[in-house]
Amino acid sequence: MVRIAVSGSNGKMGQAIIEAIEQLDEIELGVKIDQGHNLIDYLDKFDILVDFTSPVATLGYLSICAKAGKKMVIGTTGFNDNELNQLITLAQNIPIVFSANMSVGVNLSLKLLEMAAKVVGEDSDIEIIEMHHRFKIDAPSGTALKMGEVIANTLGRDLKTCAVYGREGIEQVRDKNTIGFSTIRGGDVAGEHTVNFFMHGERVEITHKASSRMTFGLGALRAAIWLDKTPSDKGYVYSMKDVLEIA
Ligand SMILES: NC(=O)C1=CN([C@@H]2O[C@H](COP(=O)(O)OP(=O)(O)OC[C@H]3O[C@@H](n4cnc5c(N)ncnc54)[C@H](OP(=O)(O)O)[C@@H]3O)[C@@H](O)[C@H]2O)C=CC1
Ligand SMILES: O=C(O)C1=N[C@H](C(=O)O)C[C@H](O)C1
C-alpha cells in the first residue's frame with residue numbers, strides 16, 4: 001500500500017486527488033497538508049507527496065522532501081525560470097514526477113503534436129489556444145507552454161524567442177516562425193487546449209478537452225504508484241511520458 005500525502009488539500013486539485021484515492025485499492029491517504037500544517041511534522045505518515053499548489057509552496061515542500069528522502073508528484077504550474085532551476089536542483093536528491101498535465105489524453109496529444117510538427121510544422125502558422133476556469137491565475141497554462149515547447153523543439157526553434165503571447169493594436173504581419181498563444185478564462189472550464197496548424201487551403205487542429213479534474217487526479221496517482229517502484233536514492237525529474245511509457 002502506497003501512503004499518499006496531499007498538499008493543497010483544500011484546493012480544487014487537492015480535493016480531486018482525495019476523491020481519486022478513494023477509487024484505488026493500492027493507495028491510501030496518509031495525511032492532508034494545508035497552509036496550517038508544517039510538513040516536517042508529518043514525515044512518518046506518507047511515502048509520496050502529491051502536490052498541486054503554487055510554485056512557492058511546491059519549492060518549500062520539495063526542499064523538505066529532498067532532505068527527508070520522500071518522493072514527490074508535482075502538478076503545480078506557473079514556475080518562472082529561476083524557480084524551475086531550483087526545482088531541478090532539489091530533485092537531484094529524490095526522484096519526482098513533474099508534469100504540467102497529468103491526463104493520459106494530453107500526453108498522447110503531445111506525441112501527436114510532435115508528429116504534426118514534423119509533417120506540416122515548417123509550412124504552417126502555429127497557434128495555441130487554451131481555455132480554463134475563472135480562478136486560474138497563471139497564463140498561458142503550463143500545458144499550452146509544454147505544447148509550444150514540444151513543437152518548437154521538433155522544429156529546432158527556441159520557444160523563448162519564437163513565442164508570441166496575445167496581440168493588440170497595429171502589428172507587423174505574422175512572422176511565419178512564431179508560435180502564438182491565446183488565453184481564455186471563464187466559468188468552470190476544467191481545461192481545453194487546441195493547437196492549430198494553419199496551411200494554405202487547409203488547417204489541422206489537435207484538441208484536448210478535460211471535462212473533469214478527475215482525469216488529472218487519477219493521472220497523478222498513477223504517477224505516484226509508478227514512482228513508488230523507482231529507487232529513492234537517486235534523484236531525477238521524470239514526466240508523465242515516463243509514467244505512460246510514451247516513447
Ligand atoms: N498538472 C496538472 O495536471 C494540473 C495542474 N494544475 C495546477 O495545480 C495548481 C493548483 O491548482 P488548483 O487546485 O486549481 O488551485 P487552488 O487554488 O484551488 O488550490 C491551490 C492550493 O494550494 C494551496 N496553496 C497556495 N499557495 C500556498 C502556499 N504558499 N503554501 C501552502 N499552500 C498553498 C492553497 O491553499 P489555500 O486553500 O489555503 O489558499 C490551495 O489549497 C495550479 O498550479 C494549477 O495550474 C491544476 C490542474 C491539473
Ligand atoms: O489550473 C488548472 O485548472 C489546470 N492547470 C494545468 C495547466 O496549467 O496546464 C493543467 C490543466 O489544464 C488544468
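Glycine is no exception: its Cβ is also placed from the backbone N, Cα and C atoms.
Database features, via TrEMBL:
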- H132: active site, proton donor/acceptor (ACT_SITE)
- K136: active site, proton donor (ACT_SITE)
- G8, S9, N10, G11, K12, M13, G75, T76, T77, S99, A100, N101, M102: NAD(+) binding site (BINDING)
- H133, G142, T143: (S)-2,3,4,5-tetrahydrodipicolinate binding site (BINDING)
- 2-102: domain 'Dihydrodipicolinate reductase N-terminal' (DOMAIN)
- 105-244: domain 'Dihydrodipicolinate reductase C-terminal' (DOMAIN)
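Among the listed recorded positions, namely H132, H133, K136, the Cβ with the most fellow Cβ atoms inside 10 Å is that of H132.
The binding-site residues under consideration are G75, G142. Their Cβ neighbour counts within 10 Å are lowest for G142. The Cβ neighbour count for G8 (NAD(+) binding site), using a 10 Å radius and every protein chain shown, is 24. For the pair K12 (NAD(+) binding site) and K136 (active site, proton donor), the C-alpha distance works out to 11 angstrom. For N10 (NAD(+) binding site), the same-chain residues 6+ apart in sequence whose C-beta sits under 8 angstroms from its C-beta are D34. The highest number of surrounding Cβ atoms within 10 Å, among the binding-site residues A100, M102, is found at M102.
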